[in-house]
Ligand SMILES: C[S@@+](CC[C@H](N)C(=O)[O-])C[C@H]1O[C@@H](n2cnc3c(N)ncnc32)[C@H](O)[C@@H]1O
């Protein structure tokens, strides 16, 4: 067969076989795949969050205002930290629902490159990440474990809430991440009783101590952090990956529950939306282990009305535990990243 004849029968070729070269076809196939994945993702989130698809897209295409937590553990003192931040030409707008929590007005890079951050006097984090430690409501003298702790933002927040006066244990399942956690906690003046590198799903096999409070800020598919303006935003996202994480999280939750003493409190959080990673593993825990859901007493409603949704009762063929209405699904917005938080208490028995 001659070249022109071959070109004529190959799919995707133009009349002369050159008008639509192979590399354009590859690009279009990849582009079509990316667009289909994006459409599937947006449709899924629209169902989960009960928002119009256009609103899902708008909420995942935002430059969010950065959050800042002024670090009470710093030897500099809170007033001096505020002065140092003002001297950088930056402004802090207080969050009435989070002590020492602020929204930053100004360029985050100015703060991250400054001695205020380098010296561990103020931590930069999205304000959704402030909710889990507040929900945990730690108290001095308690024993507390953070099971997926690296890089350490929430560990440092817990330490600040108790003035470094709790027995605080930080675990992360990935060794290099644990090193990062050690560096961050040193930088932010956090006193840790223990660090360890165990897979959270088996942590109860390695750790014999039982705790007053457990934070499980689980590894997840990160749907709440997706920025749809980036063509690579969904590179690693698939529904199968979401389902696989759900199985891991179920095991992590069971181990976390076993690490609690009766009456102890567990906070489960993810930065993802899939019910497979949130309500499904939690429903399993509630149906097979002695735990109950507690309301989350962090009042973000005045700050951002309509900022969150209750946990879902149904998703596709599944029905979830009714108590999960007290879980919170924080919607992505101009300040909040997408997040899920649930607080549980271990019952005696
Ligand atoms: C969402 S991040 C935690 C963020 C952290 N809580 C913070 O506020 O800085 C999840 C962490 O889980 C860790 N991780 C992944 N798989 C794990 C496992 N099987 N067991 C324990 N930790 C794991 C990752 O290394 C990652 O640091």
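Even glycines carry a Cβ here, placed using N, Cα and C.
Any TrEMBL annotation is an automated prediction that lacks curation.
Taken verbatim from TrEMBL:
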type     : residues                                    : note
DOMAIN   : 56-347                                      : domain 'SAM-dependent MTase RsmB/NOP-type'
BINDING  : 148, 149, 150, 151, 152, 153, 154, 172, 217 : S-adenosyl-L-methionine binding site
ACT_SITE : 271                                         : active site, nucleophile
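Mapped onto this structure are the features recorded in TrEMBL.
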residue: 148; record: S-adenosyl-L-methionine binding site; Cβ neighbours (10 Å): 24
residue: 150; record: S-adenosyl-L-methionine binding site; Cβ neighbours (10 Å): 26
residue: 152; record: S-adenosyl-L-methionine binding site; Cβ neighbours (10 Å): 26
residue: 154; record: S-adenosyl-L-methionine binding site; Cβ neighbours (10 Å): 23
residue: 217; record: S-adenosyl-L-methionine binding site; Cβ neighbours (10 Å): 24
residue: 271; record: active site, nucleophile; Cβ neighbours (10 Å): 23
Cα-Cα distance, maximum over 148, 149, 150, 151, 152, 153, 154, 172, 217, record's S-adenosyl-L-methionine binders, Å: 13
Spatial neighbours of residue 271 (active site, nucleophile) among the binding-site residues 148, 150, 152, 154, 217 [C-alpha, 10 Å]: 217
Assigned conformation of residue 154 (S-adenosyl-L-methionine binding site) - DSSP reduced to three states: helix
Residue 217 (S-adenosyl-L-methionine binding site) in three-state DSSP notation: strand
Listed in sequence order, residues not in 148, 149, 150, 151, 152, 153, 154, 172, 217 with Cβ within 8 Å of the centre of the S-adenosyl-L-methionine site Cβ atoms: 146, 155, 170, 177, 181
